[in-house]
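Notes follow once the structure below has been shown.
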Amino acid sequence: MCFNSLFFLFFFSMNNFFFMVYFIMNGLSVFFEWEIVSFNSMSIVMSILLDWMSLLFMMFVSLISSVVIFYSKSYMNSELNLNRFIILVLMFVFSMVLLIISPNLISILLGWDGLGLISYCLVIYYQNLKSYNAGMLTALSNRIGDVMILMVICWVMNYGSWNYIFYMDFMKNDYVMFVVSFMIIIAAMTKSAQIPFSSWLPAAMAAPTPVSALVHSSTLVTAGVYLLIRFNYLLIDMFFFKILLFLSILTMFMSGISANYEFDLKKIIALSTLSQLGLMMSILSLGFPDIAFFHLLTHSMFKALLFMCAGVIIHMMNDIQDIRYMGGLSLYIPLTSLCLNISNLSLCGIPFLSGFYSKDLILEMVSFNSFNLMVFILFYLSTGLTVFYTFRLIMYVMINDFNLMMIYNLYDEDYIMLNSMFVLLFMSLLSGSFLSWFIFSYPYMIYLPFNLKLMVIYVSILGSILGFMVSNMKIYSLNKLLMSYNLSNFLCLMWFMPNLSTYGLSYIYLNFSQILFKNIDMGWSEIYSGKGIFNILKNYSVFYNVYQMNNFKIYLFSFILWFMILFIFFII
Amino acid sequence: MFFFILTNNNSNKMFFLFILFFSTLISISSNSWFGCWIGLEINLLSFIPLISNSKNLLSVETSLKYFLTQSLASINFLFMILIKFSLLKNFDMNNIISIMMNSSLLMKMGSAPFHFWFPNIVEGLSWMNNFMLMTWQKISPMILLSYYFNKNFLIFMIIMNLIIGSLGGLNQTSLRKLLAFSSINNLGWMIFSIMISENLWLFYFLIYSMMIFMMISLFFLMNMYFMNQLFINNMNFFIKMNLLINFLSLGGLPPFMGFMPKWIIINFLLINKFYFLTFIFMMTSLIIIYYYIRIIYSSFMFNYFKMKWMNLFMKNNMFLINLSSFISISSMILSTFIFM
């Protein structure tokens with residue numbers, strides 16, 4: 001099963017690549033439409049839009065998924081129901097492809113709902129309590145987005161069809177589009193885990209690592225960004241984009257800080273994904289959809305690679321995910337640490353790796369156009385924080401001493417996993433430049449003063465020094481986290497927002513329902529409808545029986561008495 | 001063969017059975033009240049030998065009780081007829097004399113508030129005699145009721161019937177008394193259907209007698225008279241199912257046969273705006289269904305009670321049982337094909 005899907009998806013991805021090149025070079029885009037049902041004024045159509053953006057995204061998605069499925073052949077080889085897992089992943093890819101190619105809100109809804117549902121199935125794949133809770137959090141947060149898209153479908157019915165791409169440029173002043181833009185933004189925010197809904201992404205790390213590599217790094221969470229890129233012409237001057245800018249910048253900043261306090265390997269990578277998502281959303285809301293798309297694609301490459309390396313390390317360390325147990329791994333697993341380092345450095349934006357092209361372009365566009373001081377500060381600060389936690393991670397995992405308190409065999413020779421990582425390594429090295437030559441037919445004109453241009457490098461160096469210093473631990477060093485306990489808690493637990501959306505939302509209702517259950521269901525309604533009525537009827541029946549058990553002569557005599565009374569009335 | 005069983009396997013009594021049938025026909029097809037009374041008297045006279053069995057003291061006592069009540073009612077009926085002929089020459093139905101005539105007929109039927117003899121007597125009869133008492137003996141009083149009734153009085157009687165039929169049956173363990181109270185309840189429905197149209201009454205009565213026949217024949221074949229005898233044997237699944245279906249059908253639960261006449265009656269009730277009466281019909285039906293289900297539901301749970309050593313030999317009768325289940329289930333649907 002793994003081999004078949006590997007070849008099929010890889011072949012599909014190459015196919016998309018060739019078509020994409022042809023379409024970009026000739027400026028072509030193909031629109032298939034099949035009308036299913038047509039009511040009086042509405043028509044439900046199934047349409048497929050193939051332009052360079054959807055083909056490019058499909059190519060990346062299918063490449064990553066083919067590599068991940070091949071990787072999971074070795075990662076999940078002790079799983080009894082591996083076929084079930086692969087089928088779930090394939091269904092996920094199918095939903096994502098459906099989302100990518102659809103210019104029509106109904107098929108977007110199909111893909112969107114499919115993504116939410118299958119990511120729930122995949123998160124709860126390991127059946128323990130933590131996975132169940134994480135899955136519930138994931139599913140319900142995504143569900144809010146589904147509801148928003150359903151309401152968008154309702155509102156767009158005003159226009160007669162659900163092909164939104166035809167209406168975006170022309171209907172901007174309409175009240176309908178005002179409401180639609182609000183809902184679309186909220187839907188994208190739930191899927192891409194921006195600030196009010198950001199609690200599900202770190203929790204969803206309870207899923208198996210291939211799932212995290214595919215779902216939570218490149219496809220599911222980028223679906224929201226992709227939706228906003230598609231709707232960009234509609235949203236570009238609206239008020240809600242400013243709100244989105246604010247929230248996404250805060251997401252970027254918050255997750256950068258929280259990643260510095262985390263000690264779980266997969267959670268650090270999840271929070272780094274969250275930070276990069278905030279970056280994508282913020283550059284999108286500043287008005288540059290193509291740069292956001294560019295960063296989406298390059299990020300998916302190196303983040304998937306990073307998750308896969310993390311998977312190898314976790315397997316190797318006897319399923320321990322805590323980085324305090326790891327150290328000095330670069331000496332023992334050279335190939336994996338090669339992939340880890342390249343993806344980490346690409347994440348930081350080290351020159352001429354793939355992340356550099358997109359990230360540097362973003363930062364230069366932010367400095368070149370005149371924006372808020374706070375926007376500027378938070379962007380650069382978050383970049384510095386990215387470097388900070390990256391270097392902290394590298395120090396803990398690669399450079400410091402090995403901390404696992406047992407004799408262990410650190411091996412690297414699982415060539416199935418390594419081969420799949422090499423494919424992504426190749427792409428993660430080259431995709432930056434390759435994409436920048438394809439997507440931008442002419443480069444952006446950026447003219448910056450010298451220090452502003454080097455600001456990225458200053459911030460990166462600062463971050464790396466801090467990352468180095470924070471991870472230097474000696475026997476006699478003070479635990480600074482304990483000394484700033486309240487502040488550390490606040491910053492580490494994602495500014496307490498997960499508590500708000502889980503405990504805060506459910507406690508009131510559960511408490512209330514307990515009161516209702518005890519007092520009404522098991523209390524008064526038993527007297528007024530359940531046992532109470534039964535007791536009343538039983539008493540009536542017993543009372544009736546007193547009359548029934550009588551002497552026979554009394555019956556006959558009562559009959560005669562009745563007739564005598566009637567007769568008296570008759571006579572009268 | 002069927003008539004043979006009806007007379008408790010005693011062919012000497014078939015003579016009386018035929019006279020019983022003829023007496024009802026005389027009663028309902030006469031064009032004078034006197035002829036009706038004659039029919040009622042012959043009915044009484046021919047039913048007594050059917051139920052009396054001089055070897056059994058209980059049976060003798062039962063037939064004596066039956067004779068006393070029915071003859072009292074007949075005497076009253078005759079007296080009221082004579083008063084009506086001699087003193088009142090009007091044809092208006094809603095006066096006192098019609099109340100008196102209806103009371104005597106109601107007593108003959110065993111309807112509340114003159115029903116106190118009915119559970120007593122039913123307790124003393126065998127199943128087949130019960131069947132005759134509950135179905136055939138009601139025909140002539142009902143039809144006579146339809147000729148001359150007092151609407152307000154009858155509605156009051158209906159309400160009493162319903163309530164007594166439902167409440168009285170809650171506390172019973174004898175299957176005969178249970179069916180007796182259910183019969184009183186159904187009498188309420190039937191009296192109301194008389195007030196609407198005789199056709200409707202016929203429909204209700206036929207379906208009711210079919211349902212009662214299926215139940216009584218099941219109990220007769222298993223020779224069961226009390227509720228604790230229900231589960232002391234090893235009933236196989238089809239018999240249990242048949243029992244359940246028949247009970248639910250008697251109670252008037254939708255997909256089964258017994259729902260159809262009740263549905264039509266409710267339709268008429270609502271069209272003619274008898275809202276409060278509808279409420280009473282519904283609520284008492286609920287109580288009745290409650291105690292039907294209470295009898296049989298525990299045999300369908302996962303851990304049902306089953307004795308290993310008392311096997312019920314019902315192989316010869318499985319055809320009848322399966323047929324009655326089939327009829328009860330499918331009648332409502334098949335009836336829609338009849339009028340196509």
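Backbone N, Cα and C define each Cβ position, glycine as well.
According to TrEMBL, the protein has these features:
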type	residues	note
DOMAIN	A:102-382	domain 'NADH:quinone oxidoreductase/Mrp antiporter transmembrane'
DOMAIN	A:389-570	domain 'NADH dehydrogenase subunit 5 C-terminal'
TRANSMEM	A:7-32	transmembrane segment
TRANSMEM	A:44-70	transmembrane segment
TRANSMEM	A:82-101	transmembrane segment
TRANSMEM	A:147-167	transmembrane segment
TRANSMEM	A:173-190	transmembrane segment
TRANSMEM	A:300-317	transmembrane segment
TRANSMEM	A:329-353	transmembrane segment
TRANSMEM	A:373-394	transmembrane segment
TRANSMEM	A:415-440	transmembrane segment
TRANSMEM	A:446-470	transmembrane segment
TRANSMEM	A:490-510	transmembrane segment
TRANSMEM	A:552-571	transmembrane segment
If we call contact 3 or more Cβ pairs under 8 Å (sequence gap 6 or more), are the transmembrane segment (A:446-470) and the transmembrane segment (A:7-32) touching?
-> no
Any residues 6+ beyond the ends of the transmembrane segment (A:82-101) with a Cβ under 8 Å from its own?
-> 1-2, 5, 9, 48-50, 54, 57-58, 61-62, 65, 68-69, 72-73, 76, 107-108, 110-112, 114-115, 118-119, 121-122, 125, 208, 210-211, 214-215, 219-220, 223, 226-227
What stretch, picked from A:300-317, A:329-353, A:415-440, has the most CB pairs under 8 A with the transmembrane segment (A:7-32)?
-> A:415-440
Long-range Cβ neighbours of the transmembrane segment (A:300-317) (under 8 Å; 6 or more residues past either end) = 60-61, 64, 67-68, 71, 75, 209-210, 212-214, 216-219, 222, 265-266, 269, 272-273, 276, 325-326, 329, 333, 336-337, 339-340, 342-344, 346-347, 353-355, 397, 404, 408, 410-412, 414, 417-418, 420-421, 424-425, 427-428, 431
Long-range neighbours of the transmembrane segment (A:329-353), counting only residues six or more past its ends (CB under 8 A) = 272, 276, 298-299, 302-303, 305-306, 308-310, 312-313, 316, 359-360, 383, 386-387, 390, 393-394, 397-399, 402, 410-412, 418, 421-422, 424-425, 428-429, 432-433, 456, 460, 463
